[in-house]
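Engineer: Quick one: this structure, given as C-alpha cells, is what I'll be asking you about.
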Amino acid sequence: MDIHMLILVLIVATSTAIHCGKGFKSCPSGQCCSIWGYCGKTNDYCGTNRCECDCNGQKTCMDSSCKIMYVTGVGVHQRDGPGITYGRSKDFLKGESVCVVSTTNGWSKLNNGKYVSAEYLSSNNPSSVSNVKIKHTKIRDALKSTKWSSKADALTLAYDTAIDNGYSNEAAVGLMANIAAEGNYGIVEYAFSKLHNFGFRLPSGSTDGKAKTIADIKYIRDWTTDPNAGFKKMTSYTLNKGSCGFGSVQWSFKRRVSFAKVCLEVMTKDSDVNDNNWAIAESKFISKELKDSYYNKVANAAKKAGSTVEAWAEAFTDYYERPAKSDGNMSARGNECKKRRGIARSIYDHLKSQNAF
C-alpha cells in the first residue's frame, strides 16, 4: 500500500511559483526571493525576515549570498488549517496544530506529480475555529454540552488568554461570561437588528452585520475618522460618534479602532477573513488589553468584592465589557451585571463538575 503524508492546509503560493535562491536563478525584475525559495512581490516574500535575496531592489542572487537549501517532497492537500510558514520539521507543524495524516491516494493524485513544494501556507474559509491552537481542550469539550456550545472555541480561547496573563480560573470564567452574553465573530452591533432600516450595507454588500472582506474591516475601523463612512445621518443611534460595537466582545470607540487594527494585522486579504482568524485576532487583542494598566481596575474591583467568579464577571462587565455605559443607565447596567454573574456561575459550576480545571 502506497501511503504518503499530507499536510492539511491550503496552499496560497502555489507550486507553480518560480524557484529562486541557492541552485536556482535570480527572480524576475521587481520580485523578491523569499527564505523558502520562491519569487513574489508581497510582504511574505519581501518583508522583514522573509526576503532571502533580490531584496530592496537588488537584482543579483548569487549562491554565496543565499544560504538555504530548499525542501521538496511535501504533499499539500486543500483543507482547513492555521496560517503557518513551511520550512521546518513535522514536529514544528504539529506544534502549530497543523493536522498531519496518512493517505492511500499516492503521489500521482498531487499537483506536479511526485514533488510538491509550498512557500506560504494559510487557512482559507475553514468550517470552524477548531484549527486554532486551543490549550485547554477540556474546557472546550465541557462547553460542547452546554447552551454555549456554538461559542465553545471562542470562550476557550478567552479562558486560555486570561490564564496565560496570570488570571485565576474565576477571573477567566468571568471574562468568558461576558463573551457568552455578547455577539459573534466579526459582527457589528445593531447592524442587522436596527441599521437595516436605513438600507445599511458594508462595502462587501453584507447586510447581516458581519464583516466579510478587508474593505469591511477598514470601513468599521474608520467610522470615527471618515466623514463619508455612511453613518453621519444615523444620529438617532449616535453611530457618527463611533459608539457601535464590533466583535464578540463588542469593542467600541477607540477600542473598536484598535481591535480592527489587530484584525488587519492577522487578516491581510479577503480570503483570510474567516472565523479561524477572527478567533486569533480576538485572542491577541484581549491579551493586549489585559496587559494594559487600565485593566488593573478590573482586578482591584474583583478583589474588593472577594474575587469570586461572580465578582470577576461583574468587574469585567463594569470595567472591561461596558466601560462606556452612562450613569443614567445604571439600572440597565445593574441588570446586565446580574445576568452575567449568573452566566459565570453556571459556566464555572459546570466546568468544575466536569473536572475541566
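For all residues, glycine too, the Cβ spot is worked out from N, Cα and C.
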Engineer: Going by TrEMBL, which one of C32, C33, C39, C55 is joined to C46 by a disulfide bond?
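Structural biologist: Here TrEMBL pairs C46 in a disulfide with C32.
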Engineer: Quick check on the disulfide-bonded residues: of C32, C46, C55, whose CB has the lowest count of neighbouring CB atoms inside 10 Å?
Structural biologist: C55
Engineer: Report the nearest neighbour of C51 (disulfide bond) in space among the disulfide-bonded residues C27, C32, C39, comparing Cα positions.
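Structural biologist: Closest candidate to C51 (disulfide bond), judged by Cα separation, is C32.
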Engineer: Check C27 (disulfide bond) against DSSP and tell me helix, strand or coil, would you?
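Structural biologist: Coil, per DSSP.
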Engineer: Report the member of C39, C51 (the disulfide-bonded residues) whose C-beta atom has the most other C-beta atoms within 10 angstroms.
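Structural biologist: Sorting the candidates by Cβ neighbours within 10 Å, the top entry is C39.
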Engineer: For the domain 'Chitin-binding type-1' (17-57), report the average pLDDT of the model, please.
Structural biologist: 74
Engineer: Suppose we draw a 10 Å sphere around the Cβ of C27 (disulfide bond). How many other Cβ atoms does it contain, all chains included?
Structural biologist: 24
